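What follows is a short report on a single structure.
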Amino acid sequence: MTLQIMNSSSHPLHLCHLKKSTLIINRLYILFHSIAILILIFFRISSILTLFHSKNQPLIPHLLIFISELTLSFLWFLNQSYYWRPVTRTAFPERLPEDDQLPPIDVFICTADPRAEPPLGVMNTVISAMALNYPVEKLSVYLSDDAGCPVTLEAMREALKFAKLWVPFCKKYGVKTICPEAYFTSEEDVDEAMVDSHEFGADKHRMKEEYKLFAQKVTRMSESESCIPNKDHSAIVEVMVDESIHDQRKMPLLVYVSREKRPSHPHHFKAGALNALLRVSSLISNAPYLLGLDCDMYCNNKNSAREAMCFHLDPNLSSSLAFVQFPQTFHNISKHDIYESQLRCTFKTLWLGMDGIKGPCLSGTGYYLKREALYELPLMQEDINLKEVKQRFGSSNEFIRSLYKKYNAKVLDCEKDLFDESLQETKHLASCEYENDTKWGNEVGFRYFSVTEDFYTSIHMHCKHWISVNHMPSRPAFLGSCTTNLNDVLIQGTRWSAGLMEVALSRFSPLIYGPSRMPILQSFCYAWLAFLPTAFISLWILATIPFLSLLSHITIYPKVTNPFFLVFLYVFVLSNLQHMREIHSTGASIQTWKYEQRVWMIKGITSHLYGSAHAIMEKLGMKEANFLPTNKVVNEDEVKLHQMGIYNFQTSSIFLVPLCSLVTLNLLAFIVGIIQIVFRREYVDAIFIQTFLTFYIALMGYPVLEGMMLRKDKGRIATNVSCYSLIFSVFILSFGKLLVAY
Ligand SMILES: O=c1ccn([C@@H]2O[C@H](COP(=O)(O)OP(=O)(O)O[C@H]3O[C@H](CO)[C@@H](O)[C@H](O)[C@H]3O)[C@@H](O)[C@H]2O)c(=O)[nH]1
Ligand SMILES: [Mn+2]
């Protein structure tokens, strides 16, 4: 049964749905599981106390296992806040007011490195945004180029030329796939009414030729010229002026921005780029709403802006709504999503849970955000203290004026001289020193401090009483390219872990900073994300202590005949069943369960550990933050492996060695356990759980074993990695044996 939370009006712009049955199942599960976990904690404490007195077994393995269980229970507990009140939403864009009453939107697209982010892909994102179904004169598209690459600028000029044909074509025929590359590579976008139209056929053919020419040109440019990011250049701002700009605008405005870069200056990665865009755009279009996009996330649903406005323009929500978040979705997901690249759980489950409280996290891309929510403006008073405002926002008078002014594309309408003057000012706003001694990145704009700038900025907005909305239209609003190999997955995972841990360890840690500023459940949601990397503690312990204990004849779990055994069984089985139910409810296949468990283990052992270590070292001043953009170049061989669901182990040995060692050691320990059981039948009672755990790890790690021993292709695990793993295994064994002896 679904319960609709009705809006007061009879023709609401949107509806919110709450599924009662899910709510009941989730809450019952939480109740019983909590009881089971409490019983297990009681079991551990009492058995440790007994051991402490009797001293008939070493204490350390028991203590370590207890630590791992506590960490997991802590994370589990925080995680349940997502299941408390999940909601979904529907929007009715056809009920929006007339076009002339819709607010303007500035689209922000970021690119950082043409070697990892091919310019043709970036241009497709730009063009798709220009083709959104929204009044053209109210749409401005900004591209931030952190590489300061002339090729990107030139490609953009070409993109404008192509867009002048493409946008009218899309509007004329109601094209649904507004990203040209996607349109010409998939044939699904055939509007029945159009198929037979001769005119359409001819126009489409012409568009296809034009696109081919455009694509060739851009690809040639990116191959021929040097495309290395320039780390030392002054600010470049180019408003791509269309002849029609001074009369009726027929095309969205297109602006290229490359902020100033100097080697000695901290640039704060993407957050820095976005803040520069915020300032530059404020002098040009200053739209009250922003659409944030990563350079690989093209617009796939032309109505996303209108869908978002259903929330932003609702008088009941409007004043407190900071952003509407669309889930990240990807065009290159494999049927076997072995790396869990689609982040299914986050976008199809967790965000719905947060939406039922105060709204989902800002997710870096695919959000329609109210500009004002980033400014935290001091109220417009009779006598604004200009000095104070400047200390906050920097020295530009023009920028400060824009803060208190509603949208007006003044720059565009005014005289040529004034236009040039304003353009000069935008360069000042995009310069390195503009932010010195201001509150940018601290209290204003996107926040710096963490490399997961979206997560960190989001906490601050929710703590300032802003709310957000999660919206998932049936046709995905945006499509990006997901990671398709282990190397990218783990590098990205390490960056995320580092960013999340930075927040967890700071004074903005959600459990300290959150509870007094937002609902407790919302701060638990944030806390779960921030502390997620600490799962490495549990996973490392669970991957080593049970097998080391098995080899040293230490029993750390209750016997099968012990009633506590049943509680362990309950927790294991029920949490997996709940996971499967959750997967099923999002429409994914049951295979997903296996993939997600495996990726959780792999990331726990590697990314979470290295990310946490990075964050701790940063805190101690031993390391600097870094942001390696995720690779978006398509490699055919790699894609093939990914589509077939075969792991590609071409990655650094720092990731592979621990994985190979732990999987092999667990496999060996499992064999030893079985031998012990075969020779002493009564032993099975005592070591069942331990043996089962080693089996489970070896089973989950099967692809690793296969990669080491059976595969011959390029994606296998190289022999030298296996050798290092052997050395590391010997180390774990000898050190571990010592450790579990006490
Ligand atoms: O110095 C930088 C680094 C990155 N980027 C851009 O940031 C975006 C995201 O980078 P990407 O390499 O794609 O990282 P992902 O890990 O795939 O991104 C996820 O995680 C990031 C935070 O770690 C968020 O910013 C993203 O929106 C979110 O999609 C891309 O458009 C980059 O061009 C910059 O503009 N400047
Ligand atoms: Mn990305």
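Start at 1 and count along the chain as shown; that gives each residue its number.
For all residues, glycine too, the Cβ spot is worked out from N, Cα and C.
Source: prediction; values computed, not measured.
Look at TrEMBL and you will find 28-53 (among others) tagged as transmembrane segment.
Residues 33-34, 37, 40-41, 44-45, 47-48, 51-52, 524-525, 527-528, 531-532, 534-535, 537-539, 541-542, 545-546, 548-549, 554, 556, 575, 739-742 of the same chain lie 6 or more positions beyond the ends of the transmembrane segment (59-79) yet place their CB under 8 Å from a CB of it. Feature annotation from TrEMBL assigns transmembrane segment to 59-79 (among others).
Proximity of Asp146 (UDP-alpha-D-glucose binding site) to non-local residues of its own chain (separation of 6 or more, Cβ distance below 8 Å) is seen for Cys110, Thr111, Ala112, Asp113, Pro229, Ser258, Arg259, Lys261, His267, Lys270, Ala273, given in sequence order. The UDP-alpha-D-glucose binding site annotation in TrEMBL covers Glu117, Asp146.
Taken from TrEMBL, the feature active site covers Asp146 (among others).
Marked as Mn(2+) binding site by TrEMBL: Lys270, Asp294. Here the Cβ of Asp294 (Mn(2+) binding site) has 24 other Cβ atoms within 10 Å, regardless of which shown protein chain they belong to. In the three-state DSSP classification, Asp294 (Mn(2+) binding site) falls within a strand.
TrEMBL lists Asp454 (among others) with the feature active site. Of all the Cβ atoms in the protein chains shown, 21 others lie within 10 Å of the Cβ of Asp454 (active site).
For the transmembrane segment (526-548), same-chain residues at least 6 beyond its ends with a Cβ under 8 Å from one of its own Cβ atoms are 61, 64-65, 67-69, 71-72, 74-75, 78-79, 81-82, 361, 455, 459, 462, 497, 500-501, 503-504, 509-511, 514, 556-557, 600-601, 604-605, 607-609, 611-612, 615, 662, 665-666, 668-670, 689-690, 693-694, 697, 732-733, 736-737, 739-740. The transmembrane segment annotation in TrEMBL covers 526-548 (among others).
According to TrEMBL, the feature transmembrane segment maps to 560-577 (among others).
Summarising the annotation, TrEMBL assigns transmembrane segment to 654-675 (among others).
Long-range Cβ contacts of the transmembrane segment (687-705) within its own chain (Cβ-Cβ under 8 Å, at least 6 residues beyond either end) map to 542-543, 546-547, 549-550, 555-560, 565, 568, 594, 597-598, 601, 647, 649, 659-660, 662-664, 666-667, 669-670, 673-674, 676-677, 717. Sequence annotations record features per position, and here TrEMBL assigns transmembrane segment to 687-705 (among others).
Residues or ranges marked as transmembrane segment by TrEMBL: 717-740 (among others).
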List the same-chain residues at least 6 positions away in sequence whose Cβ sits under 8 Å from the Cβ of Glu117 (UDP-alpha-D-glucose binding site), in sequence order, or say none.
-> Thr111, Cys295, Asp296, Pro629, Lys632
Are the transmembrane segment (560-577) and the transmembrane segment (28-53) close, by which I mean at least 3 Cβ pairs under 8 Å that are 6+ residues apart in sequence?
-> yes
One finds that other Cβ atoms within 10 Å of the Cβ of Lys270 (Mn(2+) binding site) number exactly 23
At the level of the C-alpha atoms, what whole-angstrom distance separates Asp454 (active site) and Asp294 (Mn(2+) binding site)?
-> 12
Which recorded positions of Glu117, Asp146, Lys270, Asp294, Asp454 contact ligand 2 in the sense of C-beta under 6 Å?
-> Asp294
What same-chain residues lie close to the transmembrane segment (717-740): Cβ under 8 Å, and 6 or more beyond its ends?
-> 58, 60-61, 544-545, 548-549, 551-552, 554, 649, 653, 656-658, 660-662, 664-665, 704, 707-708, 711
Can you name the far-off residues of the same chain, 6+ from the ends of the transmembrane segment (28-53), with a Cβ under 8 Å from a Cβ of it?
-> 59, 62-63, 65-66, 69-70, 73, 76-77, 80, 83-84, 558, 564, 567-568, 570-571, 574-575, 578
